[in-house]
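TrEMBL lists 1-30 with the feature region 'Disordered'. Annotated compositional bias 'Acidic residues' per TrEMBL: 16-27, in sequence order. The annotation Na(+) binding site is assigned in TrEMBL to GLY50, VAL53, ASN57, ASN311, LEU437. Residues or ranges marked as transmembrane segment in TrEMBL: 74-95, 116-143, 197-217, 229-256, 276-293, 305-326, 425-446, 467-484, 499-520, 541-564, 584-612.
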Amino acid sequence: MEKQPLPGDVNHTTESELDGDAVEENQEGSSEATRAGWNSKLEYFLAQVGFSVGLGNVWRFPYLCHQNGGGAFLLLYVVLMLVVGIPLFFLELAAGQAIRQGSIGVWRSISPRLAGIGYSSCVVCFFVALYYNVILSWSIFYLGNSFQYPLPWETCPREGNITVKECEESSPTSYFWYRKALDITDSIDETGSFNPYMVGCLLAAWTIVCLGMFKGIKTSVKVMYFSSIFPYVVLFCFLVRGLLLEGASEGIAYMFYPKLEIWADVQVWRQAATQVFFALGLGFGSVIAYSSYNPKNNNCHRDAFTVSAINFLTSVLATLVVFAVLGFRANQKVNDCISSNLGKIKLQILTGKVDNGLIPTLDFLHPSSVTVKGYNTWFNESGNSFPGNLTACHLEIELKKGVEGTGLAFIAFTEAMSLLPGSPFWSALFFLMLLNLGLSTMFGTMEGILAPLTDRFKTLANNKTKFTIFSCVVGFLLGLPFTQRCGNYFVLMFDDYSATLPLIIVVVFETFSVSWLYGADRFLTDIEAMLGWRPSVIYKYLWKYICLFAMLGLLGATVIQMFIKPPTYLAWSRDEATEKDLNYPGWALALLALLIIFAMTPVPVALIHTVLKSRLKKTSRDAEMGQYSIVNSSDMTELDLNNGTAGAPS
């Protein structure tokens, strides 16, 4: 499949670009002549959906939906996806399909001065790949520990006849996560030694990625048939099982109860826009890379809506599963709380320390028959006057615990599964699902690195297998710091900050380049030439104004938020057996700044390089022309006389 040139490229290309960059491209070349393609539309959908649907759909979206108004957040999310997400997703799909190259080639074809956008995408993809595969290594560790009964995180370990204090004061799942899996330090300043189990799991994760990628999309798509479909099978299994659990309906009702007042909060809009942005994988270059393997006439407009809809429905499905299971967990916690308090009440009554007027009309013999509402009604009226340190038992409080990120997957969800009959089976199924979700996203992330570079440099294209293996080896070596005892804090830092700002900036440049520099009308004409019909003119105004200003607003809100509230991270205190919110030290903030600067450096460097190169070539041509001057008649006469060739006077 040959690269399809953009209509009118010659008319819009400067002489310097033709002389310099075209020659350079011929010298360095690309692999377009032998470029691979999808065997079927199904393969393409599996790849694109597998990349966009990742771990964030399972543990980030439910948390945001829960924290920001439930059903109101869902409605806001849909609006932002329709107005901003899908138009930008369509832009990347169309650009990759039209130019048939990776992100570097796409932006370089629009203008050589914009090639840095593609290189920045590659850098950010590499940052993401480094920490994302660490999360896969955690999933592998838990998957390996799931094949035992009882599960190792079901009960606290004992030292002699005494339960380990750190576990007793927290929970078995928290203890296993922080002490057994991570063996975590108390802060990011305490590096600690390497965790040998995590080093081995990280090596296994990179080996799986390498084996799935070393022959390009031809091998990765075979793995995606399983890694992209299997998570849906597991989610449906969990949904059916979860809906049958006691407390599931309360969890789902709590999840989707709309709180429309949150629409007045600017930060909720920022979080919704950020989730739309990351859910579709904008700015990574992976969307462009995957679409570049499509045939020219593929209906990428329909693909944009289809993939976005699947992504959203997957998030909703995962949210239903999460809160059905967490509702069951919270219900168990509340029942245990009520039983414990009833035991204290009964003890106080038997010892005669309670006035008859304070004795509740509750069934002490059958604690399970006491409703949460009934207990809390009595507690609010008389609980504070009753001896014995009684506590309130609220379902909402339990639902709020551990529902974000790793806290959801490796603490709250594992605790809920340990309560299910046949817990090892459900645990293995869950972590195998996480592994497959992460793998399909990792394939897309690596494609966002490999495809642009092999398209741009012929040497890499001719040695793509070696380059893939080399990239995975480098990724493993650079990922080793994440396997230190403080490695979890670095994962949080990379996940929260190292990719967010650079990716937003990349998308701002992409949108501005297409809609203003290249021209939105011209881009729509290119799409019309591909599809045979012209998309609605509304995309022109969305790209030029709505999307661009929305991304600039998101960028500004993110930067302002970082200055208003300095970056923090959750650290685990071993002595207190709880999480504490700590400020990043100065060196960590400096590292964050360096990561962001390093990711964005290719944009100005490519611009300066192209401008200087153009001027040098122009100067060289001017100097060459200066060697040939026009000789006037008087000079010619003098020259002829000196050479003795002048004609005789008339």
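Using the three backbone atoms N, Cα and C, a Cβ is placed for every residue, glycine included.
Taking residue pairs at least 6 apart in sequence, the transmembrane segment (584-612) and the transmembrane segment (229-256) share fewer than three C-beta contacts under 8 angstroms. There are 27 other CB atoms within 10 A of the CB of GLY50 (Na(+) binding site), with all protein chains counted.
Sequence-ordered, the extra residues of this chain that approach the Na(+) site, with Cβ no more than 8 Å from the Cβ center of GLY50, VAL53, ASN57, ASN311, LEU437, are VAL49, PHE51, SER52, GLY54, SER228, PRO231, THR314, SER440, THR441. Fewer than three CB pairs closer than 8 A are found between the transmembrane segment (499-520) and the transmembrane segment (197-217), and contact between the two stretches is not assigned (pairs 6 or more residues apart).
Annotation: stretch 116-143 has the most Cβ pairs under 8 Å to the transmembrane segment (276-293), among 116-143, 197-217, 584-612. Long-range neighbours of the transmembrane segment (584-612) within the same chain, counting only residues 6 or more positions beyond its ends whose Cβ lies under 8 Å from a Cβ of the stretch, are 21, 112-117, 119-120, 123-124, 127, 188-189, 493-494, 497-499, 501-502, 505, 509, 566-569. The Cβ of LEU437 (Na(+) binding site) lies under 8 Å from the Cβ of VAL53, GLY54, LEU55, ASN57, VAL58, SER227, PRO231, each on the same chain and at least six residues away in sequence. Among the recorded stretches 116-143, 197-217, 305-326, 425-446, the one sharing the largest number of Cβ pairs closer than 8 Å with the transmembrane segment (74-95) is 305-326. Listed by sequence, the residues of this chain that lie at least six past the ends of the transmembrane segment (425-446) yet keep a Cβ under 8 A from its Cβ atoms are 47-48, 50-55, 57-58, 125, 128-129, 132-133, 135-136, 139-140, 142-143, 146-147, 151, 208-209, 212-213, 220, 223-224, 226-228, 230-231, 234-235, 237-238, 241, 281, 284, 286, 289-290, 409, 413-414, 417-418, 468, 471-472.
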